[in-house]
Amino acid sequence: QRNVLLNQTNPVEAVIRNIASNVTVIIFQVHSQQSDVNPSTNSSGTGVDRGLISILRPQQTVCTWYLRSLDANQVLSTAISMPYMEKDPIPGGCNLEFDLEVDPNIYLDYTLVDVRIKFAPANLGYMRGANPPSCDSGTGQNSRWRLRYDVYQYFLPENNLSEMVLMSHLRKMSEVQSIKANGVKMLTVTSDDKTDVYFSSLPGQGVIYNVIVWDPLWNTSAAYVPVHTYACSFADLVDNCSSLSKLSTKIFFTALAVLGLFTCFFGHRFWKTDLFFMGFIVTGFFFFVFITRVTSLGYDVRLVLTAVAGITGGILLVASWWRFGSVLLCMLIIGLVLGFLFSSMVFFTPLGDYRVFRDDVVFWVTFSSVALMIPVLFVGCPRILNILACGIVGSYSVVLAIACYVYTSLAYIALDLLRRILNDYFSRAYTNVPFQTNDFIVLAVWLMLALSGVTVQLRRERSEVPFPPHPYLTWKRERERRSTNVLDPSHHIPPLRERIHGKLLQIKELFQKEQPAGERTPLLL
């Protein structure tokens, strides 16, 4: 591997000499962080991760490439060469879709939701000077159909957009043994499967993908050209890789975190605040899903409307408690909020990438069953359920606020659920995320807040009544008591209408002219 500076006008010559006679092909690749590069002036293919495969002739010992970038300025790039022998499979050797005759490249495109990688099928290896094996001669064990493709994923350090860091880590995902040692194997694709794979998008997080093609007959392997993405743009002036979170997102989740932190420690004591917080979450979540599905409004508008809907939902839940006093209904809603978060945490683990959960029916039945399990388990102890919900859900709102300022994978506990609801094809995406230093710190903060909040509330509320009495009935009894008990000082308080009328008269007197001094009536005879 060698780092080189490339530009548009002066190609850089790369020469490999003294090539061993048992080497039949060489994959030469060049990578840059964000500028398109080309490993040969005669090649039509360009990109940030591009490679060419050179089929060596008999007696050939020297191979030459000419590297350039499409940027007028100098571009830092790294060049890597990988030799393979006659029994090693040839990546992209049976290409029928892309421009190059033999194409070892992986093609990547991304959205804010998912990342798609696609590659051409490989062919069997062969000696120098021989004709390549036919790609369509049959599907038996003597054909390229016996080949297997292992797809690997590798995460760059979090919150690090450095070019040098990318260049140093690309080498780890270029050679077969290094890929197996450093990457995470996500799946195996057979020759009968489509050679395209989907992953969940992680904007701002660097990820490298590569594919190892394995020949089970000879037990030999070869690696494609690795490809990387940050799922964001470095060139955009707004919402680029350095500043992903919008201002509206920061305001929304910071305000939610303040309310959540209060609920975490005082939610059960301030019961109406607790109800407002949970009602806000439920109403806001489902309203955001609804308007995203049925409208094409901008993100900022949807977020404002979601905040309004959440506030309305919170107020309505408090009002319903005041009028009907149904602890069961309120605890069902609170239990479902905790249950949905717990179920999202379960599918955030590697369990969520099991193939069986690609089926939407299986996923949603399992997800709902896990979510409903929480209120069912705590049906006999609603106070403990409410305190647990206050501590865990309230502290997780702080995690979401932190994610607006510093990358943390823990935000995808909730985000992946939202993506699954909003996007019909997200079920095909693998949702593996990195778990590095930042995530351990944020996880420790989350656990500390949740445990502290639950412990404080359990100790403070153990000698108190489980829940406040029915507010409407309490008010009604108090009103009846005041109307019948003449010894109660409040019994002699005038009605509200008379009190308002009296206040208005007092205000009116302030604006009347002062009467002149002296007697105005006639003297009596």
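Each Cβ is built from the backbone N, Cα and C atoms, and glycine gets one as well.
As annotated by TrEMBL, domain 'TM7S3/TM198-like' applies to 254-458.
Non-local neighbours of the transmembrane segment (251-268) in the same chain are 274, 276-277, 280, 303, 306-307, 383, 386-387, 389-391, 393-398, 400-401, 403-404, 449-450, 452-453, 456-457, 461; each lies 6+ residues outside the stretch with a CB under 8 Å from one of its CB atoms. The feature transmembrane segment is assigned by TrEMBL to 251-268 (among others).
Among the features that TrEMBL reports, transmembrane segment is placed at 275-295 (among others).
Look at TrEMBL and you will find 301-322 (among others) tagged as transmembrane segment.
The transmembrane segment annotation in TrEMBL covers 329-349 (among others).
Annotation comment: TrEMBL describes 361-380 (among others) as transmembrane segment. Away from its own ends, the transmembrane segment (361-380) comes close to residues 331-332, 335-336, 338-340, 342-343, 346-347, 388, 420, 427 of its chain (Cβ-Cβ under 8 Å, at least six residues beyond either end).
Beyond the ends of the transmembrane segment (387-415), by six or more residues, the same chain brings 158-159, 200, 202, 204-205, 245, 249-250, 253-254, 256-257, 259-265, 267-268, 274, 277-278, 281, 334-335, 337-338, 341, 344-345, 348, 378, 431, 433-435, 438-439, 442-443, 445-446, 449-454, 457-458, 461 to within a C-beta distance below 8 angstroms of the stretch. Residues or ranges marked as transmembrane segment in TrEMBL: 387-415 (among others).
Residues or ranges marked as transmembrane segment by TrEMBL: 440-458 (among others).
Proximity of distant same-chain residues to the transmembrane segment (301-322), defined by a Cβ-Cβ separation under 8 Å and at least 6 residues beyond the stretch ends, is recorded for 248-249, 252, 271-272, 275-284, 287-288, 291-292, 295, 329-330, 333, 471-472.
For the transmembrane segment (329-349), the residues of the chain that approach it from at least six positions outside its boundaries are 274-275, 278-279, 281-282, 317, 320-321, 357, 363, 367-368, 370-375, 378, 382, 385-386, 388-389, 392-393, 396, 412-414, 416-417, 431, 433, judged by C-beta separation under 8 angstroms.
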